[in-house]
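Notes for the one structure printed next.
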Amino acid sequence: MFRQGLLLSLSSAFLISVCSYGAKSCQVPVGELSFVMYCMLFLFSLPVALLNKDPAFPGKKLPALWGRSLCSAPVVLVSNLATRMMPLADEALLAYTSIAFTVISARFFLGESCKIEKVISTCSVLLGVVMITGRPVGNYPDYVYGCFLSFLGAFCDAGSYIFLKKLTSLHYSVIILNYSLSSMFLTFPFFFFEKWTLDVSAAWIPFLATVQELLVTLALATEQAGVVCLVHASDIVFSYMWEILFYNEDYTPLRISGTILITASVAYTAIVTEADDKPLKPLPPPELI
């Protein structure tokens, strides 16, 4: 029987690719999309956090909670912007280089093991990135800038991982509540720099982004981090599918080889780290979900 956590991870990966397609296709400013998503996350997590017995704003954990937001909020912004400057699949692949940065950061800041297998996998990921970051066949004049934004998002994602490692004792609703609230403050200033459209027809994008954030949070509550990362790599496959179906994107053999190399490296990293992961807590009672 297909395990619940794996199904949640696969569903989350699919929604990530759908949201990326929506962000690329619509004309809604990225700041507005991000702000609305955080508002929806806040409205969802607030009643769950109030029902939970843990403090909604734990004083000793607030620096780590808000530090996570300082790292995670830019990820959403730069990812939505990068999808408009490059093919969806390229952005998804470059985003997965965060695994390499996470392995290095976890070694220095958390003292986690960095075995030779992880070093080889990290080098393979970076080699694959070099192979796919050649200018695509389509019309992408800002492709190099999009690559830079994707790398920036990968760096920030690694920082978010470091902070999340320090928050494992908190209920998921408390983490999401603080993440959404602080990120709302961080993205609201874009209102003064962008011309917000308040387009109701694009509300499905932040809604699905909210659902996928919940799905991956619940998946991590029941599955090892390596397994979730492995299943999440299917986001690359979905992104390629959208590119072929809706944008008629052409791919060279070199870029396809780079895609295979990165995907294999991600899978190998997930399998290697699986042996080092500790068992996680089961899902909370249904009434708190």
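For all residues, glycine too, the Cβ spot is worked out from N, Cα and C.
Per TrEMBL, signal peptide is recorded for 1-20.
Per TrEMBL, the feature domain 'EamA' maps to 5-133.
What TrEMBL lists as transmembrane segment is 35-52 (among others). Only residues 6 or more beyond the boundaries of the transmembrane segment (35-52), in the same chain, are considered here, and those with a CB under 8 A from a CB of the stretch are 73, 76, 171, 173-174, 176-177, 179-181, 183-184, 187-188, 190-191, 203, 205-207, 209-210, 213-214, 284, 287-289.
According to TrEMBL, the transmembrane segment annotation covers 93-110 (among others).
Among the features that TrEMBL reports, transmembrane segment is placed at 119-137 (among others).
Sequence annotations record features per position, and here TrEMBL assigns transmembrane segment to 143-163 (among others).
Residues or ranges marked as transmembrane segment in TrEMBL: 170-191 (among others).
Counting only same-chain residues 6+ beyond the ends of the transmembrane segment (203-220), those with a CB under 8 A from a CB of the stretch are 5-6, 8-9, 11-12, 15-16, 18-19, 22-23, 26, 28, 33-34, 36-37, 39-41, 44, 76, 172, 175-176, 228, 232, 280, 283, 289. Residues or ranges marked as transmembrane segment in TrEMBL: 203-220 (among others).
Annotated transmembrane segment per TrEMBL: 253-271 (among others), in sequence order.
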| task | State the residues, same chain only, that lie 6 or more residues beyond the ends of the transmembrane segment (170-191) and have a CB under 8 A from a CB inside it; answer 'none' if no residue qualifies. | result | 29-32, 34-35, 38-39, 41-42, 44-46, 48-49, 52, 54-58, 61-62, 65-66, 68-70, 72-73, 76-77, 164, 213-214, 217-218, 221, 284, 288
